[in-house]
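*Asks:* Take this structure first; my questions come after.
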Amino acid sequence: MLRFQTAGESHGEALVATLTGVPAGLPIDQAFLDRELWRRQQGFGRGGRMKIERDTAHILSGVHHGKTIGSPIAILIRNNDWKNWQESLPVEEGDSAKHKPVKSPRPGHADLAGALKYNFPEARYVLERASARETTARVAAGAIAKLLLRQIGADVLSHVIAVGTARLENTEVQWEKLVELAQRDNVLLGCVDPEAEQRMKEQVDQVLRTGDTVGGVFEVVAHNLPPGLGTYVEWDRRLDGLLAMAVMSLQAVKAVEIGEGVSVAATFGSGAQDEIGYEREHESKFTGFTRTSNHAGGIEGGVSNGQDILVRGYLKPISTLRRPLGSVDFATREPLKAAYERSDVCVVPAAGIAAEAMVAITLAGCALEKFGGDSLVEFKRNYEGYCQQLQSF
């Protein structure tokens, strides 16, 4: 069983991720982990925080001599901005006069609901943990999950489909385009089509001028996974349900779509399914079964079917505005503009990277459930045996 947790606050000393259940013997590429963290920081419309942080994964346990040892992996990512918050957010009891309270909750954020739930007089501690800065730790854990998936020839990448009303017209993107996109060192908005990306940039430029924010849509693609991950026999093990929960857990994601789930709801059954064929002479490592389309997004009945798995996340515009909306003062209950905290304008590309991590962790967990193995050797041997079973079906 693969489990992960994160800890840390936005302006605390560091963020921590723990990952339990990774087989022993998995090679860990430090440069790859740091590259994934770098990818999360990119994109036009990010705020000033990204100029401060230089995220690097410091592995504290579970890895020696470049390979996992089967014990829990702990990863630490330091917050450079902590030096500016040490006195206002001390671990021990400090000078309350240096505390920076969030006096008026921001509509759309966790501020008010969190303060009510945990009985805080204001929202500083809610903001610190609810912040999307937490996804840094998720991306670090997701990088290790990706390394495990790569051992069986699979990978997970993302691209941006829409920012505001600007949209990629042809969303059937070849895997090679996503690989090329992930290798770029100059990232604008994470779209494979330069013309569509410029239209998206215009949307961000507009909200930069007006003090607003903008949301959008990203798509995560999981490539070259075998059929048979997940199951239909129990509701809480269905793969599409697990992926939806994983992506929906990301800050500001308000809807999740598997495949063409939204558009097929407006069509008829005869046009919504992916017809099945068979090639007796094929090069697939899995089976000779083929499909004419991928409306299902690679999942049928809660089980992967061997096609690319497609997961879309719909991101609302983030809640912190330079022109704040109406709110109330926590102390007086009188009208007061919502608090402003240094923030981003558009985070759709970064959300896509965080979603990659969540999808990779989910799929790696399903792969471990299917194939088992306390060591990488055992895991891969079981996978190869399953592939042989598929070939002889």
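Think of each number as a place in line: the chain as shown, counted from 1.
Glycine too: its Cβ is placed from the backbone N, Cα and C atoms.
Annotations per Swiss-Prot:
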{"type": "BINDING", "residues": "ARG40, ARG46", "note": "NADP(+) binding site"}
{"type": "BINDING", "residues": "ARG129, ALA130, SER131, GLN251, ALA252, GLY301, LYS316, PRO317, ILE318, SER319, THR320, ARG342", "note": "FMN binding site"}
*Asks:* At the level of the C-alpha atoms, what whole-angstrom distance separates SER131 (FMN binding site) and ARG46 (NADP(+) binding site)?
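*Replies:* If we compare the Cα positions of SER131 (FMN binding site) and ARG46 (NADP(+) binding site), the gap is 14 Å.
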*Asks:* Measure between the Cα atoms of every pair in ARG129, ALA130, SER131, GLN251, ALA252, GLY301, LYS316, PRO317, ILE318, SER319, THR320, ARG342, the residues the record assigns to FMN, and report the largest value in Å, rounded to a whole number.
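*Replies:* Largest pairwise Cα separation, rounded: 44 Å.
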*Asks:* Are there any residues in the same chain, six or more apart in sequence, whose C-beta is under 8 angstroms from the C-beta of THR320 (FMN binding site), and if so which?
*Replies:* ARG106, HIS109, THR213, TYR340, GLU341, SER343
*Asks:* Fill in the CA-CA distance, ALA252 (FMN binding site) to ARG40 (NADP(+) binding site), as an integer in Å.
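*Replies:* Pair distance, Cα basis, whole Å: 15 Å.
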*Asks:* By a simple count of other Cβ atoms within 10 Å, which of ALA252, ILE318, the binding-site residues in the record, is least packed?
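*Replies:* Relative to the other binding-site residues in ALA252, ILE318, ALA252 has the fewest Cβ atoms within 10 Å.
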*Asks:* So what sits near ARG129 (FMN binding site) in its own chain, CB-to-CB under 8 Å and at least six residues off in sequence?
*Replies:* GLU9, SER10
*Asks:* Give me the CA-CA distance between ARG46 (NADP(+) binding site) and LYS316 (FMN binding site), in Å, as a whole number.
*Replies:* 15
*Asks:* DSSP secondary structure for ARG46 (NADP(+) binding site), reduced to helix/strand/coil, please.
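*Replies:* Its secondary structure by DSSP: coil.
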*Asks:* Just to verify: the residue among ARG40, ARG46, LYS316 with the fewest other Cβ atoms within 10 Å, which of the binding-site residues is it?
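*Replies:* Counting other Cβ atoms within 10 Å of each of the binding-site residues ARG40, ARG46, LYS316 gives the minimum at LYS316.
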*Asks:* If you draw a 10 Å sphere around the Cβ of SER131 (FMN binding site), how many other Cβ atoms fall inside it, taking every protein chain shown into account?
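*Replies:* SER131 (FMN binding site) is surrounded by 20 other Cβ atoms within 10 Å.
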